[in-house]
């Protein structure tokens, strides 16, 4: 089905408005069947860097590993939007059952991506197309006895809009500044584009073909001249 350009899904608009209307930046992770309720604080999440991976574009795949998951424990993925950190979406499981799904499910490829194995290891797969609505921070979390723990973190960004936090997975050498790194990347791209352009320009002038033909003609004559001199 073809979507109109420039349109925004109504579900996403309502989701943003509802979150903007709330004064607190905390989200309840508990369910009616759970004995305790965990709260997810966005400000606290921003200061946690347990382990990070960066993805630029295409498809982002987040794999969360959990050990010794109990039936009462809640596991899932918390998504924080790149353009507004007060916008938080959750994908939660409890006892192999979805108790909360992402609001923007059109870009959630593996909606039922929970893969259970024998204890003690549990895997949770999240796969989404990288768009303007899905860029941001993905935190693998688990809620147990009223405590929220962040297991793994994935940053998804378009271009260089999302700032690199200190100690990120793509940390550069301390002796290299940001300006030097940007200049080196720009110079490398310019050299690469120039080399490709020159190659196709010479190819259009048939210079490589002519050079190969001249070598094929001259090499036998030189070999015959050497044999005559011997």
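For all residues, glycine too, the Cβ spot is worked out from N, Cα and C.
Per Swiss-Prot, the feature N-linked glycosylation site maps to 35, 41, 68, 84, 95, 101, 132, 145; the stated evidence is sequence analysis. Annotated signal peptide per Swiss-Prot: 1-26, in sequence order, evidence recorded as sequence analysis. Under the heading topological domain 'Extracellular', Swiss-Prot lists 27-184, citing sequence analysis as support. Here Swiss-Prot flags 206-230 as topological domain 'Cytoplasmic'. Summarising the annotation, Swiss-Prot assigns transmembrane segment to 185-205 and lists sequence analysis as the type of evidence.
Overlay of Swiss-Prot feature records on the structure.
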| residue | record | CB count, 10 Å |
| --- | --- | --- |
| 68 | N-linked glycosylation site | 10 |
| 84 | N-linked glycosylation site | 12 |
| 95 | N-linked glycosylation site | 15 |
| 101 | N-linked glycosylation site | 16 |
| 132 | N-linked glycosylation site | 11 |
| 145 | N-linked glycosylation site | 10 |
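Between the alpha carbons (Cα) of residue 95 (N-linked glycosylation site) and residue 84 (N-linked glycosylation site) lies a span of roughly 32 Å.
Here residue 68 (N-linked glycosylation site) is compared against the glycosylation sites 84, 101, 132, 145, and the shortest C-alpha distance is to 145. Closest by Cα distance to residue 132 (N-linked glycosylation site), from the glycosylation sites 84, 101, 145, is 84.
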